[in-house]
Amino acid sequence: MEINQPNLLEASKSCYSKITFFLLVISFAALVSTGFSSPELSLHHKICDQSVNKESCLAMISEVTGLNMADHRNLLKSFLEKTTPRIQKAFETANDASRRINNPQERTALLDCAELMDLSKERVVDSISILFHQNLTTRSHEDLHVWLSGVLTNHVTCLDGLEEGSTDYIKTLMESHLNELILRARTSLAIFVTLFPAKSNVIEPVTGNFPTWVTAGDRRLLQTLGKDIEPDIVVAKDGSGDYETLNEAVAAIPDNSKKRVIVLVRTGIYEENVDFGYQKKNVMLVGEGMDYTIITGSRNVVDGSTTFDSATVAAVGDGFIAQDICFQNTAGPEKYQAVALRIGADETVINRCRIDAYQDTLYPHNYRQFYRDRNITGTVDFIFGNAAVVFQNCNLIPRKQMKGQENTITAQGRTDPNQNTGTSIQNCEIFASADLEPVEDTFKSYLGRPWKEYSRTVVMESYISDVIDPAGWLEWDRDFALKTLFYGEYRNGGPGSGTSERVKWPGYHVITSPEVAEQFTVAELIQGGSWLGSTGVDYTAGLYA
């Protein structure tokens, strides 16, 4: 039976305010009962000065009052331990509600939320484990920051999915959980950046052409053609392999593999939606060429999917690699959001691939990702998400959109200034598709627009054709995020690269300092020095010049 009840609570902002007020009352009681000391108060204020909502941060952090404040690892660990059961409760609420809902899109949104809560809980548990077992090394410091940033992204994504088509009852059911979890995720990030500042040597050295997080074996694989790779599993439509479909192959991949599992997909068009779940780790999906091995689907928001669930291929198992494959969503521009590839796997490499769709083509959802030597086509927001992601040597190709639409290559989704996420486009080429080029004066295209308040995107050392409007960037909604975003351009070329007519927003920057540009390179934005080298993909750690 479809659930359709009147509003039980006020709208989201009202709910958010009530939670904050309630937490403040509790925190005041805690301070009185524990004899809150001046040093504790000072540290709490220092931490919460880093948060976008100081009052809610102070309320949250009062939970760990009385601990040895000098033991920074234990303070953050204790706070995260108190967060875990709350994430579990949100998971149970979403999962239980999904069983009682008849509306397919609402059910999908709730199942998305359940998956996202499960992923968040795993990351929080992993973070607690690091804090419990070891002093922070350069690598574990990087991991913690990336994972805690991803937890916040998961919570926001759940809320976004509910906004796409859920009833007020379903939104109300989940909002109280999600608003608190978002506040907690922001607070954990504030604790982290205050108590564990990045060390000056946080970027590990690069050996040879590869960051150290890419194993020697993976380096060899990424430099090898698919036909020359010795696979563990072969998928072939003609029956000559181990399986005829990708989904059969995914089911056969061992869970939580410590070694690389290679799945070779032979030439053919595979019409299926494929999900590499959290336990499908260290998978390498390799085809026989981006024009020969094609995985295609057509899920879309208009026909009842959520943006998150519309992906033709989704991967959330860490260490995912894809090479020599085309990922496609054929829904068309009239179907609006329709994702070809969604990645929520840490330390992902996408090499020599083609990714084709229209709106929301590629969804680098969260964590560290690297894309090299690939073609991506789309219309509106066709690279969107909140990963720490670098694109190198890629072709980014706006295509002909529907009348009344404007092409935007990026829509970056950073929601908190303490998240270490952002999109970097380096040494790429931006030009119109064959169908757009004759009419590009009629259909405008831009480098990006700010999806979320702290959106962060840099285009550097790239070729920009005249397909890009002289303004360069587009507003999302009037003056939303124009002061808090960070959009930058550095040493680009081509007829569309001139900056004299660019937007005059406070958050837009023409970068002249190499030191600033370096922050958006492989070595710094995605800590490539600690993991990319082992994958074998070619990359440039710093600036090209």
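Just so you know, the numbers here start at 1 and follow the chain as drawn.
Placement of Cβ uses the backbone N, Cα and C atoms for every residue, glycine included.
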Listed in Swiss-Prot for the substrate site shared with GLN337, ARG449, TRP451, one of THR306, THR307, THR421, THR423: THR307
CYS353 (disulfide bond) and GLN337 (substrate binding site), Cα-Cα, nearest whole angstrom: 21
Most crowded position, judged by CB atoms within 10 A, among ASN135, THR307, GLN359, ASN375 as recorded positions: GLN359
Set of same-chain residues at least 6 away whose C-beta sits under 8 angstroms from ASP360 (active site, proton donor): THR307, SER310, GLN337, ALA338, VAL339, GLY378, VAL380, ASP381, PHE382, PHE384
Spatially closest candidate among ASN135, ASN375, CYS428, ARG449, the listed recorded positions, to CYS326 (disulfide bond) (Cα to Cα): ASN375
Cβ atoms near TRP451 (substrate binding site) (within 10 Å, other residues, all chains): 22
